[in-house]
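One structure below.
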């Protein structure tokens with residue numbers, strides 16, 4: 001479903017060239033739950049930005065659903081973000097002036113859905129995350145975990161092909177983190193592909209598949225069959 | 001702390017904010033300098049002394065519509081009646097009202113041949129009697145007034161005598177006495193100067209020839225009259241004049257009672273309007289610029305809260321923080337003032353070229369920049385005091 | 001989508017009320033000043049002749065001798081007018097000057113009053129499309145065979161005859177009986193273009209009488225009379241035969257050919273006069289006569305004073321200061337909201353959608369500023385007219401301003417918003433998505 005081939009991303013300043021990603025290769029299958037780990041500065045965020053079409057890359061190819069989406073112009077990239085990708089951020093990034101329903105509605109607005117369709121989807125998405133009764137609340141009136149659930153509802157409302165989650169539980173206490181994680185797993189079970197960036201090995205272990213990025217390259221990947229993998233643990237330690 | 005170099009380089013790095021402020025100051029200086037120059041020019045113009053007892057002269061118009069009236073005779077009777085009224089210091093007929101914007105003007109020649117002779121500037125041509133000087137309240141500085149028996153009723157009389165203003169005398173005969181000199185109106189008409197008055201403006205306040213006036217010894221039976229009396233008597237006098245003159249002859253319209261002060265105000269009204277609108281502009285402009293400055297400084301403080309906290313943690317005093325912001329904005333203000341001053345001069349040149357305005361005096365851009373510095377100080381100190389109160393602990397907090 | 005943007009704009013304005021108020025104030029003050037001066041300027045620069053502006057022309061003649069006036073005078077001599085009137089070359093023509101007389105009727109209750117009077121030809125009413133309520137102009141024959149007839153205005157008719165049809169009744173001007181032949185409606189072209197020399201913004205006269213009476217009745221001239229040389233004038237007949245200029249002369253020349261042929265006619269006339277020893281300045285006959293259409297005529301008579309042009313220019317500069325000011329404020333405000341933009345971009349808003357959203361916000365602020373500015377302008381005009389007694393016609397806020405003002409305000413605001421909106425829509429979304 002998602003394939004990256006030999007992606008390179010170079011940041012240039014007057015003095016130095018930094019390779020954030022070098023010959024980065026990755027393929028994600030439909031319905032997978034992929035955890036991306038790696039030490040800070042390894043290129044996790046760059047990967048996320050490129051996968052989410054928030055940034056371009058220097059060279060390489062990026063296929064989504066078999067279509068090459070390298071070097072799209074801004075409008076096309078925005079449309080793909082809107083239709084195919086759902087974002088979940090560590091800081092939730094809800095718009096503080098909008099109530100929950102309006103926050104969830106934002107991507108639907110840009111998609112150009114009718115008012116009726118928007119209403120239906122907002123309701124469905126918020127009910128899915130268990131906040132159907134709080135549509136008129138403002139984000140500031142909610143706990144962190146609830147806010148993150150709203151953000152998930154916002155990501156789901158557009159029925160994306162995959163979710164990109166960036167440290168989704170990083171700002172939450174452990175109880176809330178577990179609830180959010182369970183929600184993500186349920187969503188994955190329902191068929192949505194999820195790519196999650198995290199530095200928490202505990203969380204990563206819960207994914208079907210782990211990918212580690214070190215120095216801008218995919219260092220190793222292992223298919224999990226629900227169990228644990230020691231090899232990844234050692235790699236983790238080696239890297240840190 | 002007052003190290004200007006790092007402040008300049010940080011200003012140069014943060015592009016749009018300071019540039020916008022700079023543009024605003026440049027434009028403001030250009031506008032304010034020219035506007036205040038025009039304001040001052042008009043105010044000076046309005047404050048000129050007319051030489052005439054503006055407040056005391058009550059004027060009015062008589063319109064005789066009965067064809068059988070002997071206008072010459074009626075005029076004499078009317079003036080006699082006016083002089084007999086209580087509180088009247090003096091009264092005279094006239095062909096025109098000073099400072100009124102309408103009247104008679106002419107040029108006279110210094111020799112008999114109009115083709116070759118030099119001519120005087122355009123002069124306002126009053127016609128009056130031996131009572132006119134006293135009615136105007138002007139002072140004779142040389143020569144004499146008309147005698148009663150010299151007054152004629154005929155505009156084309158061959159025996160025209162002139163009282164002229166000192167400004168005209170000095171212009172035409174710079175280093176000699178004007179009294180006794182002769183001027184020509186056309187080839188055959190000679191007029192003689194018999195006296196010089198200190199100051200007596202003409203009718204057109206916008207004319208550069210305003211100070212050049214003459215009085216001829218003609219008792220003009222047109223329709224304008226001037227009565228001199230203390231302003232407090234004017235109201236009562238108005239009724240007394242109406243009663244007395246209408247009793248004398250009812251076949252006429254008597255109206256337009258107003259003092260020369262009012263006439264003058266009307267003539268300068270457009271200038272007063274200009275001064276008012278321009279003053280409004282200057283005040284609002286300064287207000288807007290200072291609001292813009294305040295807003296920008298507030299924004300900067302918010303953006304640099306952490307930086308300010310760090311500076312404080314590193315030992316900067318409150319005064320240091322204050323002077324940091326002041327220095328920063330003074331630099332913008334002075335640079336803007338310099339460019340704005342140049343722009344002001346250019347704008348002034350354009351105005352001078354296209355319109356009837358004198359050249360911009362350089363003191364105005366300079367004063368405007370000084371004013372801007374004052375405005376800057378106030379507009380910066382208020383928000384910057386808040387910045388100075390930022391706690392050094394901000395440095396360690398991650399916001 | 002537009003309504004969504006309006007809704008977002010309104011939320012954003014409500015969220016930062018002080019900053020928004022500052023922006024609205026800044027625009028409104030700039031707009032207020034600009035509209036005040038623009039309104040006065042527009043009123044002054046208005047051409048009331050409309051589509052007839054080209055075909056209505058005044059005649060100027062270079063009748064002055066050498067070394068006198070350096071330009072055409074707006075007005076012409078009586079003798080020239082009488083000669084040109086005889087030619088009847090133009091479609092319609094009218095000579096005119098302003099006079100004044102005491103008005104009475106047979107009703108002794110009505111006190112005599114002094115009124116401005118326009119002495120003119122029957123063509124006046126056609127030339128300037130004067131609307132009649134009762135009767136009509138005097139007959140064309142009266143322009144040659146003088147008769148004591150008059151056209152009066154609605155207001156005077158109200159005062160003298162209680163507003164009824166007064167055609168056939170008698171009024172007395174300086175005690176002479178004139179028969180009323182027509183009553184015109186309230187008609188006050190602003191500027192008073194047919195004769196701006198006696199107050200470009202004063203009201204039209206209430207009495208019109210035949211020009212053909214001038215020679216016999218010796219009407220006084222309530223206007224400008226100028227001469228380029230000394231002439232001894234002992235009586236009114238001397239004045240009529242003199243070189244003094246004091247009459248405005250209008251002709252109606254519908255087509256360009258008409259104007260061409262009239263110019264030829266004028267040249268021929270000047271040539272004739274040169275043979276009679278007039279027009280001595282040595283200019284060719286073609287260069288000694290000109291036609292001024294309404295625009296040129298208004299310009300020639302300085303109907304728009306210089307001060308107003310200066311004020312208009314300065315207020316446009318003033319508006320640009322306001323523009324820069326709000327540009328700064330908006331930049332401040334928009335950049336503060338960059339994180340929100342980052343989120344919107346991430347979940348699928350394109351740059352143009354973000355740009356539109358912010359332009360709509362700017363437009364809404366501009367609209368508020370425009371409305372408030374209109375109120376300022378209205379107040380300023382009201383205050384100025386109360387304080388300075390400026391002609392009513394000039395301080396009335398014209399209807400078009402209700403459209404022009406918001407348009408200028410929104411336009412200015414959008415111009416100022418262009419850069420901030422561009423900056424904010426260009427921000428990299430990824431920068432603002434990490435929680436810092």
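Cβ atoms here come from the backbone N, Cα and C positions, even for glycine.
When the ranges B:244-272, B:273-301 are checked against TrEMBL, the one recorded as transmembrane segment is B:273-301. When TrEMBL is compared with the stretches B:201-223, B:362-384, the one noted as transmembrane segment is B:362-384.
The stretch with the most CB contacts under 8 Å to the transmembrane segment (B:273-301), chosen from B:20-39, B:321-347, B:362-384, is B:20-39.
Counting residues 6+ beyond its ends, the transmembrane segment (B:20-39) has Cβ neighbours under 8 Å at 274-275, 278-279, 281-282, 285-286, 289, 292-293, 296, 329, 332-333, 335-337, 339-341, 343-344, 346-348, 351, 357, 360-361, 364-365, 367-369, 371-372 in the same chain. For the transmembrane segment (B:321-347), the list of distant contacts is 1-2, 4, 7-8, 11, 18, 21-31, 33-34, 293, 297, 300-301, 308, 311-312, 360, 362, 364-366, 368-369, 372-373, 376-377, 379-381, 383-385, 387-388, 390: same-chain residues at least six beyond its ends, Cβ to Cβ under 8 Å. Summarising model confidence by region, the domain 'MacB-like periplasmic core' (B:25-241) averages a pLDDT of 92.
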